[in-house]
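Below you'll find the structure, written out as structure tokens, and then a few comments.
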Amino acid sequence: MFKSSTTRISLSSIATSHSQYSCLFSHRRFMRRLHSTAISPSIDSSQSISKLRIKCFLVSEPASSATIRTLKHDKLMVFCKGHGPHSDCVGIDEKKYESHAEVFSGEVLLGQAATPDMASQEEVSNGVSNKGTPSELAARDVVGKASAISRNWVLPKRWVIVILCFFAFLLCNMDRVNMSIAILPMSAEFNWDHTTVGLVQSSFFWGYLLTQIAGGIWADRIGGKQVLGFGVVWWSLATMATPIAAKIGLPVLLFVRACMGIGEGVAMPAMNNLLSKWIPLSERSRSLALVYSGMYLGSVTGLAFSPSLIHKFSWPSVFWSFGSLGAFWYLAWQRFASSSPLEDPKISAEEKKLILGNNIKKEPIKEIPWKLLLSKAPVWVLIVCHFCHNWGTFILLTWMPTYYCQVLKFNLMESGLFSVLPWLTMAIAANLGGWIADTLVSKGVSVTNVRKLMQSVGFLGPAFFLSQLSHVTSPFSAVLCMTCSQGFDAFSQSGLYSNHQDIGPRYAGVLLGLSNTAGVLAGVLGTAATGYILQHGSWDDVFKVAVGLYLFGTLIWNLFATGERIFD
């Protein structure tokens with residue numbers, strides 16, 4: 001049993017075992033003090049620890065999961081495991097512990113500590129000596145028993161991958177939308193007509209369409225890290241080369257923009273491949289939602305900063321500044337990313353077990369079973385529904401400024417401002433939908449039902465708000481309908497966009513490449529068809545076509561989609 005007493009813990013008593021224990025402390029300033037003491041013997045050994053308060057909790061009996069709480073403290077957190085056979089845990093909230101758990105709470109201030117009567121047999125069995133002064137024993141006890149929980153404070157490696165993918169997609173859309181702003185001064189400088197402007201804008205999709213399936217095959221064969229790294233470097237170089245290409249001539253500019261599309265075309269399949277290997281099912285929706293919200297925020301960032309950069313430094317500065325950011329991302333990617341947990345030498349055994357479970361390691365894909373993939377109805381559901389989804393999405397995002405100007409009579413500045421709102425709404429709604437979907441899965445709702453529910457919201461929500469546009473009478477109501485439409489559209493990240501990993505995680509890159517090819521075709525055809533409809537009809541006709549496709553997609557999805565794995 002432990003009893004409370006106070007003693008002074010000198011720096012030397014901890015520095016003696018610094019190499020063994022220093023990694024167990026989470027407070028950086030405290031770590032630096034320990035390190036400086038360990039390498040500087042000239043420091044007075046009687047000098048006590050600086051004013052750091054340490055909360056210590058000792059549990060002598062097993063504690064149930066309801067007892068476990070996360071303990072947060074301003075300075076430093078330490079969890080002390082008692083003699084009981086219970087497992088390591090984060091911390092025990094002293095106000096909520098169960099009656100059978102004997103909890104001792106204390107503080108360490110200027111060297112004060114909880115001191116045990118004797119070193120436990122557990123310490124001896126773990127190779128920790130039970131000999132020493134009371135202060136040395138206290139230091140070993142406090143520091144040694146904090147090891148398990150200190151590891152939990154480190155950001156899990158799988159979420160490092162997710163965050164890096166988030167920033168990759170942030171750069172992806174920043175580099176994509178900057179042309180929509182820079183095209184105005186460029187067309188004035190080079191005397192481009194509307195046809196030429198449309199040609200320049202569409203040239204990006206030439207390359208983007210070509211590499212969807214190829215990027216998925218490449219990622220599934222050699223790994224997502226290499227493919228996504230290549231994509232970011234390739235499109236960043238193409239972005240930086242855009243001003244030079246424009247000055248050389250229009251054919252060179254079209255070629256460079258197509259090259260940029262090639263780089264961005266491999267990004268989504270590579271990311272899908274990575275997350276299929278790194279993210280367990282219980283976190284799949286929220287991780288994908290976070291990554292895709294990077295795209296939405298990238299559009300917001302690009303639209304927000306491009307005008308000021310052009311105003312201060314001329315239009316080439318947009319391409320040079322945005323493109324150069326890819327180099328910083330690539331350095332971090334090479335240092336921290338791996339294609340799978342099996343290839344990462346720094347991932348903890350606990351996290352690897354959480355991600356892989358009982359899955360058996362399989363060899364990389366050498367050949368794509370095209371006949372098998374295309375023989376399954378859920379694959380064709382993905383392709384058809386991706387087409388239906390992107391038709392409405394690309395129409396709104398491409399023609400929205402024109403709608404604001406022509407119908408709502410907004411000026412150019414107002415149109416730009418209100419065009420940002422749907423992107424912000426999508427970023428928030430995507431993450432909200434991800435958390436809802438993962439929560440439902442964790443509560444036992446089948447993956448199939450969760451995917452059908454989330455995608456139904458992603459289809460029916462936009463269909464409803466677009467159908468109301470013909471009835472609204474004020475610009476505010478119209479903007480609200482457009483914004484809500486895109487907000488509900490973002491729930492598709494937890495439905496359609498998560499389903500590739502559900503039905504075939506080993507072929508996640510190829511499956512996304514297949515469906516997104518249909519999605520890109522929908523964007524190209526839908527954008528062109530909208531112009532034709534407006535020339536011969538009205539905006540109501542444009543919205544009716546989109547609503548019809550949304551309803552058709554909802555029907556097909558609920559009839560044939562599944563969340564079960566169908567490919568080994």
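Cβ coordinates are placed from backbone N, Cα and C, and glycine is handled just like the others.
As written in TrEMBL, here are the features:
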type: DOMAIN; residues: 161-565; note: domain 'Major facilitator superfamily (MFS) profile'
type: TRANSMEM; residues: 159-183; note: transmembrane segment
type: TRANSMEM; residues: 203-220; note: transmembrane segment
type: TRANSMEM; residues: 227-246; note: transmembrane segment
type: TRANSMEM; residues: 252-275; note: transmembrane segment
type: TRANSMEM; residues: 287-307; note: transmembrane segment
type: TRANSMEM; residues: 313-332; note: transmembrane segment
type: TRANSMEM; residues: 379-400; note: transmembrane segment
type: TRANSMEM; residues: 420-441; note: transmembrane segment
type: TRANSMEM; residues: 507-534; note: transmembrane segment
type: TRANSMEM; residues: 541-560; note: transmembrane segment
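Simply put, out of 159-183, 227-246, 252-275, 252-275 has the most Cβ pairs sitting under 8 Å from the transmembrane segment (507-534). Confidence for the domain 'Major facilitator superfamily (MFS) profile' (161-565), expressed as mean pLDDT, is 87. The transmembrane segment (252-275) is not in contact with the transmembrane segment (541-560), judged by fewer than 3 CB-CB distances under 8 Å for residue pairs 6 or more apart in sequence. Counted over residue pairs 6 or more apart, the CB atoms of the transmembrane segment (420-441) and the transmembrane segment (313-332) come under 8 Å in fewer than three pairs, which marks the two as apart. Where the transmembrane segment (379-400) meets the stretches 227-246, 287-307, 541-560, the count of C-beta pairs under 8 angstroms peaks at 541-560. Three or more CB pairs closer than 8 A are found between the transmembrane segment (287-307) and the transmembrane segment (159-183), so contact between the two stretches is assigned (pairs 6 or more residues apart). Using a cut-off of 8 Å between Cβ atoms, the transmembrane segment (227-246) and the transmembrane segment (541-560) share fewer than three residue pairs, counting only pairs 6 or more apart in sequence. Same-chain neighbours of the transmembrane segment (541-560): 377-378, 380-381, 384-385, 387-389, 391-392, 395-396, 399, 452, 455-456, 459-460, 462-463, 466-467, 469-470, 495-496, 526, 529-530, 533-534, counting only residues six or more beyond its ends whose CB sits under 8 Å from a CB of the stretch.
With a cut-off of 8 Å between Cβ atoms, the residues of this chain six or more beyond the transmembrane segment (313-332) that come close are 164, 167-168, 171, 174-175, 178, 181-182, 185-186, 189, 229, 232-233, 235-240, 242-243, 302, 306.
Beyond the transmembrane segment (203-220), the same-chain residues lying 6 or more positions past its ends with a Cβ under 8 Å from any Cβ of the stretch are 176, 179, 227-228, 231, 253-254, 257-270, 272-274, 364-365, 368, 506-514, 516-517, 520-521, 523-524.
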